[in-house]
Amino acid sequence: MTRQLFGFSANRRIVGGLLVNLFSSICIVFINKWIYVHYGFPNMTLTLIHFVVTWLGLYICQKMDIFCPKSLPVRRIMWLALSFCGFVAFTNLSLQNNSIGTYQLAKVMTTPVIILIQTTYYKKTFSTKIKLTLVPITLGVILNSYYDVRFNLLGMVFATLGVLVTSLYQVWVGAKQHELQVNSMQLLYYQAPLSSAVLLGIIPLFEPLAGDGGIFGPWSLTALVAVLFSGVVAFLVNLSIYWIIGNTSAVTYNMFGHFKFCITLIGGYLLFHDPLSLNQALGILCTLAGILSYTHFKLLEQEEGKSRLAQKP
């Protein structure tokens, strides 16, 4: 009975984490796109603000005794911090230079890249059924975007780099949590300021500091409020990514991301008037079918694993 209650409580926490990630991830896409389209706020500076607000949020959390910081050597998390910078910067640049449909189409390729990385370098195995669920998801995304997605060269470069760096980042998040024996908040607490320092040294090379388009430019109050709100939502996104990957897996997080893809595409249609044809609607259904299939097979594998453990003397 106690085991059942513990399992139910754990499932509730996982569902809660997924819901926080769902709403915050969808919100951050639209608020960032709004900031780029209506205010022209510089991308890397916006990314830096996200990092700083994330660290401030975690600092407040540790002062409220929500978690206890754990001392970590900088050299052990440097590559993670660098990949974090690339992950956020390249995905934001992809969003800035592409339509929401193109941006989401590129992100969906993260899952097969993660499976390739984990299979090649971490010797992790995936069942044939799990691999086959990528087929309807990929077909659904292609069908979704075939008629209205228009790639431009610069946007395609940013999207490709974003997929590669994001895949590495998400794999390393789970690996580092296990390697360093830390939870999501403890790892992000040290990694966020380190990423901020790296980005702070790079920004002056690519973006102006003053004048039009600079961080100290003549921004309106509404633009500053939108940027601050974007930072708060980014804190929730970053924290929930770490928490979900640490408590499930990078592949599960990405499969859940495909569900967000469908919702974001509909939101793009409603807010930014992206076209949504019958073929796109069929693509959404196809993608959802793949996600449901993955969830079904993953749950079956977990139950089989528990049964095998229970049968051992």
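Quick reminder: no glycine exception, Cβ is built from N, Cα and C everywhere.
Features reported for this protein in TrEMBL:
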type	residues	note
TRANSMEM	12-35	transmembrane segment
DOMAIN	23-294	domain 'Sugar phosphate transporter'
TRANSMEM	41-61	transmembrane segment
TRANSMEM	77-95	transmembrane segment
TRANSMEM	101-118	transmembrane segment
TRANSMEM	130-147	transmembrane segment
TRANSMEM	153-175	transmembrane segment
TRANSMEM	187-206	transmembrane segment
TRANSMEM	218-244	transmembrane segment
TRANSMEM	251-272	transmembrane segment
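Taken as a whole, the domain 'Sugar phosphate transporter' (23-294) shows an average pLDDT of 79 in this prediction. The stretch from 12-35, 41-61, 101-118, 153-175, 187-206 that makes the most Cβ contacts under 8 Å with the transmembrane segment (218-244) is 12-35.
Listed stretches 12-35, 41-61, 153-175 were compared with the transmembrane segment (187-206); the greatest number of C-beta pairs under 8 angstroms is found for 41-61. A Cβ distance under 8 Å defines the sequence-distant neighbours of the transmembrane segment (41-61), meaning residues of its chain 6+ beyond its ends; these are 32, 35, 67, 84-85, 88-89, 92-93, 96, 185, 188-189, 192-193, 195-196, 199-200, 202-203, 206-208, 213-215, 219, 223, 227-228, 230-232, 234-235, 238-239.
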